[in-house]
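Annotated features, as they stand in Swiss-Prot:
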BINDING   C222, C279, C288, C292  [4Fe-4S] cluster binding site
Amino acid sequence: MLILDFRKYPFLKPLEDELKKYAGGISLNDLLVSGSYYLDQAKERIDKILKDKELESYDKIKDSVLVFYTTLYLVAALDNDMLKKKFLDKESQIIEKNLLNESEETLVEIANYLGLNINYNNIEIKYKKNKKTLSLSLKYSLNFIDFLKYTRELRKIDNKFSLASHILKDGKVYLTKEEIVRILVFQIRDKLMKMVNVSDVVIPEQIRKLADELKGRKTPPCILELKRKKELNNTELGVLIAYYIDIGDEKSVIDLTKDENIVKKFKGDKKTKYILYSCKKMKELGLCVASCNTLNPLQFYYGKLE
């Protein structure tokens with residue numbers, strides 16, 4: 001049995017188990033009170049998420065399990081849908097990259113740890129393409145029922161996961177490494193989403209205080225100016241709607257437009273998504289009214305996390 005690398009995949013290790021490494025009875029809040037390292041790391045990570053910068057893999061960070069939970073709880077405490085989505089997207093990207101570099105045995109171990117009964121039993125499939133005989137190595141398999149269960153949502157968004165696209169033999173569906181990783185990432189993302197959305201979790205006081213401080217930031221001056229105007233042109237209206245949606249205030253969008261469908265339109269789909277202009281673009285449009293030293297109005301709203 002392999003030993004899982006919790007430094008690289010900290011979400012696999014319960015916080016309580018990590019805290020046992022310290023003095024008996026110590027809590028995460030006790031550690032946060034004793035020093036600023038974990039909060040500083042969490043703020044830096046969230047700042048990078050908001051600025052769409054590349055994140056480090058957790059195994060490059062000291063005490064990665066505690067940094068992960070501090071970041072997770074801070075995102076939960078800030079309670080913003082846009083931030084949660086960006087957090088999940090960014091973390092999922094790193095996880096996928098790491099999993100693709102893992103050995104077959106490690107992937108199976110991680111899958112089993114998550115409750116996915118994935119088997120490693122390599123088979124070679126011969127097929128013809130353009131009159132040439134080619135071979136495909138399928139190293140993993142899932143029980144037919146488990147395949148349908150774990151790919152239920154994936155099949156809605158990606159035809160590659162339809163049963164018709166796979167080899168079914170002796171009650172098993174055979175898969176490539178890339179497909180297994182995709183399934184794992186989807187399951188892990190769902191696990192993280194549940195963790196960040198749990199309402200009854202006790203968020204450490206130090207994290208709650210920081211979140212309250214960050215949420216207390218004022219509305220950007222440019223947005224305040226637009227809210228004061230009695231009449232808005234199409235560009236100004238679009239900016240205000242995008243701002244409300246990005247901060248998770250859909251009610252204000254409906255109040256402003258009297259149209260419940262506008263939220264769905266501006267949230268976009270796979271091909272189209274509306275985002276708030278950068279401060280540079282706001283200046284070009286003549287909508288900037290103050291020097292805030294930020295790159296985007298949302299940075300003013302969430303704070304610079306400094």
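Just so you know, glycine gets a Cβ as well, placed from its N, Cα and C.
On the structure: features taken from Swiss-Prot.
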residue	record	DSSP class
C222	[4Fe-4S] cluster binding site	helix
C279	[4Fe-4S] cluster binding site	helix
C288	[4Fe-4S] cluster binding site	coil
| query | Least buried of the binding-site residues C222, C279, C292, going by other Cβ atoms within 10 Å? | reply | C292
| For the [4Fe-4S] cluster site built from C222, C279, C288, C292, further residues of that chain with CB within 8 A of the site's CB center | P220, P221, M282, K283, L287, V289, A290, S291, T294, P297, F300
| remark: For C288 ([4Fe-4S] cluster binding site), the nonlocal same-chain Cβ neighbours (under 8 Å, six or more residues apart) come out as C222, C279, M282
